[in-house]
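What follows is a single structure, written as structure tokens, with notes after it.
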């Protein structure tokens, strides 16, 4: 039996980039397991290594090329997939590392498997029964990313994602719901809905009607959110483009059907800069919508991202952005100094902002937002809330509230936690806060 196990091909896997890339990795790993391959956590024990790359910004390209180089040095047999593989037909990778066995773009499961088969033939009689219904996941067992579409129809001038991942392709709604149901049945307590543009879900198929559990469902974000809310777990929406119909999901949040959490990348507040970015709306429209959202759902948490130092951004336009920030009072914010990305249309725009000015603006922006975030967190002191346990160590636990997405938001630290496990919901009382996180005490042993 031992000799048979040694003959089973083993594959190492490196996954870089965003949650959408993580889902691609999970799909590849699921197929590998279905075909009888084993996975290895070390380069030494692997017969071959797959590296799923990111190519969005220069630092991501550098990280991906470094990871490929490390895999080649430690193992020697490397297949590259992901967004970096789509750049210049894979030439960026091949020029840096000509020894790689194959290069593919993102969401290229058939091509990756073909390369694996060529360089490491699949074993006979794969034990497909070893595959759980929810597939192979790289996240903790109690939460999972649910990717509802690929690609994007927008052509934001700072972004090259459409050139790497293509135009919008929505997954059939019955497929999404079946995957969500399998995940929940496997013990997942939180579904994180992701795509390049979640609010555009179904646009490419004209909101086609599908069927789930014998009832019709439109391929549309609102209908999907409502149906996911029936599964009895936390449902969190990410990457929501600020279309008008986004307003329709806010009542679902107020009713407790989905989490009162919205991740909306506003990017800027200056109408001229937004136009140069080829982004919709303007700051006044966005501010009025934020006010309406909070009127309908007072507990809503708003996360957004912004770019400072975009080509041509004047001091007055930066001040306009800061005024928007003060007025909007967003809960969670990420800010990036504009970085030219090879192939992005914005590179051709005039009046680039000097690097030192970009960094000064980013630091100023984040100092203001940190104060806003700290003040909003401090308002939660003395309140009770349900949190989801992520980790337990001795008598302490780390959890997240409805306001906290994994990896990107804050945490809730619980001292003297009793009888709790990762993936459980418990009630806590907030006793103090800092600029990013909350500290709490456990209210009772009762778990929900």
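Cβ atoms here come from the backbone N, Cα and C positions, even for glycine.
For the [4Fe-4S] cluster 1 site, Swiss-Prot lists 18, 83; matching the candidates 54, 152 against that entry yields 54.
Ranking the binding-site residues 152, 156, 159 by Cα distance from residue 54 ([4Fe-4S] cluster 1 binding site) puts 159 first. In the predicted structure, the domain 'TRAM' (378-444) carries a mean pLDDT of 92. Applying an 8 A CB threshold to same-chain residues 6+ apart, the list for residue 152 ([4Fe-4S] cluster 2 binding site) reads 159, 161, 162, 165, 167, 168, 196, 197, 200. DSSP labels the residues of the domain 'TRAM' (378-444) in these numbers: 1 helix, 35 strand, 31 coil.
Within the domain 'MTTase N-terminal' (9-121), the DSSP-based counts of helix, strand and coil residues read 58 helix, 22 strand, 33 coil.
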